[in-house]
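What follows is a single structure, written as structure tokens, with notes after it.
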Amino acid sequence: MYNIGLFVACLNGNRFVTASSDLIRAKLPTRYGEFFISVRADAPSERAHVALSMGDLSQGSAPLVRLHSECLTGDALHSLRCDCGFQLEAALSMIAGEQRGVLLYLRQEGRGIGLANKLRAYALQDQGLDTVEANEQLGFGADLREYHEAVTLLKQLGVSEVRLMTNNPRKVQALNDAGIKVVERVPMRFGANPHNERYLAVKTNKLGHLL
Ligand SMILES: Nc1nc2c(ncn2[C@@H]2O[C@H](COP(=O)(O)OP(=O)(O)OP(=O)(O)O)[C@@H](O)[C@H]2O)c(=O)[nH]1
Ligand SMILES: [Zn+2]
């Protein structure tokens, strides 16, 4: 018998994504506890969005959820230029504290402009531009991220209501608009230091973050 879902496809960026794609799922023990790690079976091998989940998500109260945008420098290389690495660790620890929740690791490096362009932007910031001005000088908008695939992944994990861990009102709006109800916004203020002082100020003053 044909799976009708396989024929329900939508254009997402320049890739077709089927509505019925399965998730590949495996255990992932971490320093914070044991998560499950999942990717869509039809995701590209490189740069697939990743879900780290814990506990029963499809029943009970709204779980903690973090939409974490990839930041190689902050998440893996311990950079102090941003707050990403601190937020990543805090989010995993908070989810583990409740033994329930999801962190989506979204492959949207540099707010969607990619690593090389983010480093170009860093070089311009070293000359005095702020994060938004640097993006504009490179010909990009301030923030190119979109959250359709994140919404699809959350729905596949059985999540329909969330306590969203973010300071970014655009993420709250994106989920509410897509039918995933944000019942609470959980602030994520971690890792402020002299190297990211201006970066955090620009997020508040130019990007509307609630810091
Ligand atoms: N283009 C650009 N991207 C940056 C810069 N610094 C960090 N990023 C990227 O910004 C993304 C994180 O976005 P943020 O604006 O810090 O925070 P957010 O995800 O919108 O909001 P929170 O949920 O509150 O963390 C990651 O993909 C980083 O790689 C920068 O100077 N320029
Ligand atoms: Zn970062």
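Glycine too: its Cβ is placed from the backbone N, Cα and C atoms.
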Co-listed GTP-binding residue [TrEMBL; alongside Arg66, Leu67, His68, Ser69, Glu70, Gln87, Glu109, Gly110, Arg111, Thr166, Lys171] among Thr131, Thr204: Thr131
Listed recorded positions His68, Arg111, Asp143, filtered to Cα within 10 Å of Cys84 (Zn(2+) binding site): His68
Cα-proximity to Cys71 (Zn(2+) binding site), 10 Å cut-off, over recorded positions Asp143, Arg145, Thr166: none
In sequence order, those recorded positions of Cys71, Cys82, Cys84, Arg111, Arg145 whose CB lies under 6 Å from ligand 2: Cys71, Cys82, Cys84
Fewest Cβ neighbours within 10 Å, where candidates are the recorded positions Arg66, His68, Arg111, Arg145: Arg145
